[in-house]
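Here TrEMBL flags 32-52, 67-85, 105-124, 130-151, 163-180, 186-205, 212-233, 239-261 as transmembrane segment.
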Amino acid sequence: MTTADAGGWQAENEEPTAPVGKAFRLSAADSLSLGNAVCGFLAVCVLAYSAIQQLQVEGGRFSPDPSYFATAIVLLLIGATCDLFDGLVARRFRASAMGAELDNLADVISFGFAPAFMIVIWGMGFSDRVPFAAVLATAAAVLVAGVVRLARFACVKTKSGDFMGLPIPMGAMTVISIVLLFQPSIWALAGMLGVAWLMVSRIEYPKPKGQLAAVVLGWIMVNVAFLTFWVAWPEGGNLPIKIGATMQISLVAAIPLRMLFYKREQRLYKREEQRREAEAAERIGG
């Protein structure tokens, strides 16, 4: 359900909220959102092609090909770059009537369905390690959490203006980091379920604005460079990939802990202020 539908289904005889001509006119920000969706679609195609090709050649046996995974991840990182800039472009120039809906739909493809499909392909190569049903359930949980996260973002705003719950692009990159670092296991699946929980949690994450947006863009570019190096030189490219994936997981785990400590400090500070005010009132009254 889109933002426009949040208050109830639109009756058939109701007039649209914007002129039809303007509602169907794409802006520059919309083009970036569509680019994000195309990148997610191509990432799924690359992963599906790798599975089909190997199953045909190997006679039913499948082993994930790192080069195809790297290509899919680069496409998703390009999609994340489009997602980062579409909001900036919309604020700088103009947003169309359907800009927010396009953005959310593109995010479902690139950061919901594509990572979930990657989990399935990742689990197919190691079906002897964990039950494939558990892999499918985890992939479904990641997809559902992403969809719920986007739906909540469309209709719930925080007082601070930050994100409530782990943003879906960051959640997708964290799931991908787990895929890159670990072979399928119960612990790896548990980590992915933890990411899904963070996406629908009430933990607040800062929005990438100003300098933070530049840091996020730089982080994406570094990851693209690491992946390109990995594809060109698989034997020597594992270390940068592991470092980048470890940093991504550590970052996502550190932010909730920092927010918990921050809120605890805020509560202690408020109690101390109340105590001081009470003591001051007693002295004045005495």
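Just so it is clear, glycine is given a Cβ too, placed from its N, Cα and C backbone atoms.
When Cβ distances are compared across the two stretches, the transmembrane segment (32-52) makes no contact with the transmembrane segment (239-261), since fewer than 3 pairs at least 6 residues apart fall below 8 angstroms. With a cut-off of 8 Å on Cβ pairs spaced 6 or more residues apart, the transmembrane segment (130-151) and the transmembrane segment (239-261) reach fewer than 3 such pairs and are scored as not touching.
Most Cβ pairs within less than 8 Å of the transmembrane segment (239-261), among stretches 105-124, 163-180, 186-205, belong to 163-180.
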